Amino acid sequence: MNIAIDGPAGAGKSTVAKMVAGKLDYLYIDTGSMYRALAWAVLDQGLPIEDESVVSKLLKENDIRLRRVQGEQHVYWNNTDVTEWIRTPNVSQYASVVASYASVREQMLILQRNLAVQGKVVMDGRDIGTHVLPDAEVKIFLTASIQERAMRRWKELRDKGFDPNLAEMEQEIAERDQRDMNREVAPLRQAEDAILVDTTGMTIAQVAERILEICERVGESSQ
Ligand code: CDP
Ligand code: CDP
C-alpha cells in the first residue's frame, strides 16, 4: 500500500505523515523538501528565479537526495546537507515559484516516483494523489482554516526562539496557497478519490488516528 497526503501549508501533512509512517513502519517521503532544496540553491547561487530554463538546468546538473540520518529524513544538495537551511520564509516563497515550472516538475516527478517504487511509502506534498502516485491506495487531503494554519506556523517559530508576526505569516501562507492552487501544471487540488480531513481544532494525535483508521479500512476492504 502507498499513502498520499496532500494539502496546503500548515495543514499538518509532514508531522502526521511522519507519525503514520512510524506506526506502519513505512518510508516517509517529504516532496516539499526537494522543491525547497532547489529554491535554496537558486538563492545560494544568486541565479534569476524568474528564468525557468536556468532553474531547470540547475536541477538537471545537480543531485537532490533524501537520506535517513539518525531516524530523521535529511535532504542533500549534491553532498551538502541543506535540511537546516530550507525552512525560512524566503525559501518557502522561492520553492513555490520553482514548483510552478513545468520543466522542474517533470524532473521532480521522475525522482519522486523512483523513491516510491518499492511501495510502503507515505508521501506528502501538493500533487501526490493527483500526479506522482495516482494509484496510491490511500489518498488524504488535509486542510485547516487559514487562521489555524498560520497560528500553527507562528507557534512553531516562536518555540524556536524567533519573534514572528502572525499577520505577516498569514499573508505569506495565503500568497503561497494561491500560487500553488492557480499554477498551470499539477496545481494543488484534492484528487477525486481522496478523503478530505479538515484538521481545524484537531490535535496531531487525533489526525494521525483518523488517517490510521482510514488505512485500516482500506487494507481490510482490499483483502
Ligand atoms: O507539512 P505541513 O505544512 O502541512 O504542516 P506541518 O509542518 O506538519 O505542521 C505545521 C505545524 O502545525 C507544526 O508545528 C505541527 O506541530 C502543528 N500541528 C498542529 O498543531 N496540529 C495539527 N493537527 C497538525 C499540525
Ligand atoms: O511545509 P509546507 O506545507 O509549508 O511546504 P512544503 O510541503 O515544504 O512545500 C514547499 C512548496 O513546494 C509548496 O508551497 C509548493 O509550491 C511546492 N510543492 C509542490 O509544488 N509539490 C509538492 N509535491 C510539494 C511541494
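For all residues, glycine too, the Cβ spot is worked out from N, Cα and C.
So that you can see what the record holds, here are the features copied from TrEMBL:
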{"type": "BINDING", "residues": "GLY7, PRO8, ALA9, GLY10, ALA11, GLY12, LYS13, SER14, THR15", "note": "ATP binding site"}
{"type": "DOMAIN", "residues": "3-216", "note": "domain 'Cytidylate kinase'"}
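Sequence features, as recorded in TrEMBL, placed on the structure.
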{"residue": "GLY7", "record": "ATP binding site", "Cβ within 10 Å": "26"}
{"residue": "ALA9", "record": "ATP binding site", "Cβ within 10 Å": "22"}
{"residue": "ALA11", "record": "ATP binding site", "Cβ within 10 Å": "25"}
{"residue": "LYS13", "record": "ATP binding site", "Cβ within 10 Å": "28"}
{"residue": "THR15", "record": "ATP binding site", "Cβ within 10 Å": "15"}
- Where ligand 2 binds, which of the binding-site residues GLY7, ALA9, ALA11 are close by, with Cβ under 6 Å? ALA9
- For LYS13 (ATP binding site), name the DSSP secondary structure in the helix/strand/coil scheme. helix
- Task: List, in sequence order, the residues of the same chain other than GLY7, PRO8, ALA9, GLY10, ALA11, GLY12, LYS13, SER14, THR15 whose Cβ lies within 8 Å of the centroid of the Cβ atoms of the recorded ATP site.
- Result: VAL16, ASP124, LEU142, ALA144, ARG149
